[in-house]
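See below for the structure under consideration.
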Amino acid sequence: MSAHGDPKPMTARKGGALTGTAEVPGDKSISHRSLIFGAMAVGETRVTGLLEGQDVLDTASAMRAFGAEVAREDDGTWSIHGVGVGGFVEPDDVLDCGNSGTGVRLLMGAMATTPISVTFTGDASLRSRPMARVTDPLALFGTRAYGRAQGRLPMTLVGAEAPMPVRYATPVPSAQVKSAVLLAGLNAPGETVVIEAEATRDHSERMLAGFGAQISTEVTQEGRVITLTGQPELTPQVIAVPRDPSSAAFPVCAAIITEGSDVLVPNIGLNPTRAGLFETLRDMGADLTYENPREEGGEPVADLRAKFSPDMKGIEVPPERAASMIDEYPILSVVAANAEGTTVMRGVKELRVKESDRIAAMADGLRLNGIEVEDGPDWWIVHGRGPGGMAGGATVATHLDHRIAMSFLCAGFASQQGITIDDSGPIATSFPIFEPLMRDLGARLDRANA
C-alpha cells in the first residue's frame with residue numbers, strides 16, 4: 001500500500017505525441033541540503049524553487065525539531081533561521097523521515113557530533129534499508145547507535161560529546177555516506193577527510209563552500225580526497241534551487257520513446273556528477289539537445305529538448321558512469337526496451353538496496369510486459385524490441401518506490417496495451433506534480449480506482 005494511505009493504482013496508455021514544456025520540480029538533493037545547511041548556519045537562509053515533495057517536507061520538519069525556524073512564505077520562498085554548527089537541540093519526539101534515505105542519512109550526520117539523542121524511523125521501505133553504512137563511519141567520531149539487527153530503523157543515535165575528526169575511505173560510492181561524514185565533521189575540531197574511489201554527486205562540497213566552510217578537493221592515487229576543517233561559522237545564503245535532473249529524466253525519456261513527441265524541459269541542473277543518464281541517452285542515439293547552457297549558483301544548467309528517437313541502439317553503459325546516474329537506471333531500462341538490440345548495465349549493486357531492490361523490480365515488471373531481461377548481483381541486461389515493441393497489458397508492483405512507479409507509467413505511454421502500476425502514491429515523495437505535468441504534455445493516465 002501507499003506510504004500515506006490506501007494504494008492508488010494508475011494505468012498509462014498509448015495516446016498521442018507528448019508535446020510542450022515540462023516544468024519539473026526543484027532538485028531533491030539540493031533541496032535537502034539547503035534546509036540542513038541553512039539550519040546549521042547563523043542567521044536567515046532564503047531558498048526559492050525548493051522541491052515540496054514529502055521527502056523534503058520531512059527534512060524541513062526535522063530541522064524544526066532540531067530548533068531551527070523553518071517557514072514557507074506565501075510566494076513559495078522558504079526561510080530558515082539557523083542555530084549554528086553544534087546548536088541543534090534534542091527533539092521532543094521520534095523523527096519520521098518517511099521514505100527518504102537521503103534525508104535520514106544526512107540528518108544522522110548533522111546531529112552525530114552534537115551531544116543529543118535522536119530516534120529515527122521511516123516508512124516500511126526505509127525501515128528495510130541498511131543504515132550501518134552511515135552509522136559505522138559516524139562511530140569513528142564517537143557517535144553511538146542503537147537499533148534493530150543489520151542496522152535498520154527504528155534507530156537511536158547518541159551524538160559524540162567530545163568528537164574527534166576522522167579520515168574515512170568510503171567502501172562503496174555513496175554521496176549520502178560522504179555527506180553524512182562531512183556533516184558530522186562540521187562540529188569536530190581539526191580536519192575531517194573523506195576519500196572516495198569513484199566520484200559521486202558533489203552538491204555537499206559545492207554548497208558547504210558557498211556557506212563559508214573551509215573545504216577542498218583533490219584527486220590523488222587514492223581517489224577523490226575531500227578535506228573539511230571543522231567548527232566553522234556557516235554564513236546564511238540565498239539559494240535558487242535548480243530543477244531536478246532525476247525528475248527531468250521522466251518527461252525526457254517518455255518523449256524519446258513516444259512517437260511524434262517533442263518536449264522542452266527548462267532549467268535543468270547538469271552537474272557532471274548527475275548527468276550520466278543524458279550522456280547515455282545520447283550515446284544510444286537519442287535526439288536530446290542542451291539549449292541555452294549557463295551557470296546558476298555554481299551549478300551548470302541548461303534547457304533540455306527531447307524528441308521521439310526511433311533509431312536508438314542498445315549499448316554497454318560504462319560502469320564508471322553508474323554513480324552519476326544511479327537513480328536513473330530504472331527509466332533507462334524502459335528506454336532500452338524501446339531501442340534495437342541489447343543494453344548492458346554493470347556495476348550497479350547499489351540498486352539492490354534503494355527504496356526497493358530496483359534491479360528485481362524493473363526486471364520483473366519488464367518481463368511481465370513482454371521484454372526479455374537477464375540480471376545478476378550487480379548487473380542487468382535488457383533485450384530491446386525497438387520502438388513501440390513493449391507489449392504491455394500487465395500490472396506491475398512498485399514496492400513503495402517512486403522511481404519504479406514513474407518508470408512503468410512512462411513505459412505505458414509507448415506500450416501496445418498500456419501498463420498499470422499497483423500504487424501511484426509514492427510518486428509524491430519526489431515528484432508531486434508528475435501526473436498533471438504529464439497530462440499537460442498529452443499523456444494518457446487513468447486512475448484505476450477512479
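Using the three backbone atoms N, Cα and C, a Cβ is placed for every residue, glycine included.
Per Swiss-Prot, active site, proton acceptor is recorded for ASP327, and the stated evidence type is sequence analysis. Shown in sequence order, SER246, LYS354, ARG403 are the residues of the chain, 6+ apart in sequence, with a C-beta less than 8 angstroms from the C-beta of ASP327 (active site, proton acceptor).
Taken from Swiss-Prot, the feature 3-phosphoshikimate binding site covers LYS28, SER29, ARG33, SER174, GLN176, ASP327, LYS354, and the record attributes it to sequence analysis.
Same-chain residues at least 6 positions away in sequence with a Cβ under 8 Å from that of ARG358 (phosphoenolpyruvate binding site) are, in sequence order, TYR329, PRO330, LEU351, ARG352, ASP401, ARG403, ILE404. Secondary structure at ARG358 (phosphoenolpyruvate binding site), as computed by DSSP, is helix. According to Swiss-Prot, the feature phosphoenolpyruvate binding site maps to LYS28, GLY101, ARG129, GLN176, ARG358, ARG403.
What Swiss-Prot lists as region 'Disordered' is 1-25.
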Task: Nearest of the binding-site residues (SER29, ARG33, GLN176) to GLY101 (phosphoenolpyruvate binding site) - Cα to Cα - done: GLN176
Open item on the list: So if I exclude everything within five residues of the ends of the region 'Disordered' (1-25), which remaining residues of that chain have a CB under 8 angstroms from its CBs? That is, six or more out.
Closed with: 51-54, 98-99, 123-125, 243-244, 247-248, 251, 254-255, 258-266, 268, 308, 388, 395, 400, 405, 408-416, 418-426, 428-433, 435, 437-438, 440-449
Open item on the list: Between the Cα atoms of ARG129 (phosphoenolpyruvate binding site) and LYS28 (3-phosphoshikimate binding site), what distance do you get, rounded to the nearest Å?
Closed with: 19
Open item on the list: Considering each pair of residues in LYS28, SER29, ARG33, SER174, GLN176, ASP327, LYS354, all listed as binding 3-phosphoshikimate, report the largest CA to CA distance in Å, no decimals.
Closed with: 20
Task: CB within-chain contacts under 8 A for SER174 (3-phosphoshikimate binding site), separation at least 6 - done: ARG133, THR200, GLU350
